Amino acid sequence: MRVKFRGVLQREALLVRGPAGWGEFCPFPEYDDAESAPWLASAIEAAWHGFPEPLRTSVPVNATVPAVGPDAVEGVLSRFGAVDAVKVKVAEKGQDLAADVARVAEVRRLLPEAGIKVDANGGWDVGEALAALDALARFDLQYVEQPVPDIAGLRTVRFELRRRGHRVLVAADESVRRQDDPLRVAREDAADILVIKAPPLGGVRRALDIIGRAGLPAVISSALDTSVGIRAGVALAAALPDLPYACGLATVSLMAGDVTDAPLVPHLGRIGVREVEVSEEKLHRFAAAPDRRQWWLERLDRAYALLADGSRESRG
Ligand SMILES: O=C(O)CCC(=O)C1=CC=C[C@@H](O)[C@@H]1C(=O)O
Ligand SMILES: [Mg+2]
């Protein structure tokens, strides 16, 4: 990474090659095997089955601003080129509301017309979320992503924001992708928008099915993957009948390296739907140390065993 994101400066991924192309298996290192298994299903879909037919040739994307100080905002934004939507990280551990307000204010100053959303990654409680959204209201936010960690809290924040007359919508991210039941948020009326990442939901087709059943607008976002994984997110966004918001798929711009000579980065706020050519030279240059490679291969084996058990069970 060029700057810290999710508290990390280094991202690891395992790439697999199959008859349909490359797939990416990149659950975050702290995820256990059960949580990692759908990420492998997503990699297998990409590499063995390919993607459903796209309904558009490119998808709109937002710039993503990590929890940096206001002085660093312009530099971060410059890596995304011209965009008309920005997602700003807020509620970072060890920072206060004043830091969030200063960061969002700087984005608004630089891009007076942009659609701005904030992502708290569940870092607030209900009272903190409402206080923060009162303070951020003057920046005319589109939506707040995962203001609080739990579904009941999301619902309370959503209803209270409306009662206070705020226009900002509530989006659920972790409450969809880290829940046993990704449809609970929709059933409980706890969000206006779903933020959807293909890998934790088991791939593009499964994500399309969940979005269809949820009946809420979806924003497709990255898992901080290389261009190979981003390709799956682009395929998902391109296959959705409705795509009302810019997607969080421009995160390769936050990275110092990639596995292709032609990264899936935005041009004029959009990423084109196209295949990703993996560079052997880059694979070699960014190859993990032997002990990390072994750790990932063992993780792959365990995730695969869980998927195989699951499909044996569902066949009865
Ligand atoms: O949505 C975006 O603009 C970029 C992607 C992004 O923010 C994330 C990617 C991967 C892990 C997450 O912590 C984070 C998110 O919470 O949405
Ligand atoms: Mg999020």
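Yeah, the Cβs are placed from backbone N, Cα and C, and that goes for glycine too.
TrEMBL labels come from automatic prediction, so no person has curated them.
Feature annotation from TrEMBL assigns domain 'Mandelate racemase/muconate lactonizing enzyme C-terminal' to 70-164.
The annotation active site, proton donor is assigned in TrEMBL to LYS89. In the three-state DSSP scheme, LYS89 (active site, proton donor) falls into the strand class.
If you look up TrEMBL, you'll see ASP119, GLU145, ASP173 marked as Mg(2+) binding site. Shown in sequence order, LYS87, VAL88, LYS89, VAL90, VAL144, GLU145, GLN146, ASP173 are the residues of the chain, 6+ apart in sequence, with a C-beta less than 8 angstroms from the C-beta of ASP119 (Mg(2+) binding site).
Of all Cβ atoms in the protein chains displayed, 24 besides its own lie within 10 Å of the Cβ of LYS197 (active site, proton acceptor). Feature annotation from TrEMBL assigns active site, proton acceptor to LYS197.
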Within 8 Å of the Cβ centre of ASP119, GLU145, ASP173, which other residues of the chain have their Cβ, at the recorded Mg(2+) site?
LYS87, LYS117, VAL118, ALA120, ASN121, VAL144, GLN146, ALA171, ALA172, GLU174, VAL195, SER221
May I ask which of the recorded positions ASP119, ASP173, LYS197 have a CB within less than 6 Å of any atom of ligand 2, listed in sequence order?
ASP119, ASP173
For the binding-site residues listed here, GLU145, ASP173, which shows the highest count of neighbouring CB atoms within 10 A?
GLU145
Model confidence over the domain 'Mandelate racemase/muconate lactonizing enzyme C-terminal' (70-164) (mean pLDDT, whole number):
98
Using DSSP, how many residues in the domain 'Mandelate racemase/muconate lactonizing enzyme C-terminal' (70-164) fall into helix, strand and coil?
50 helix, 15 strand, 30 coil
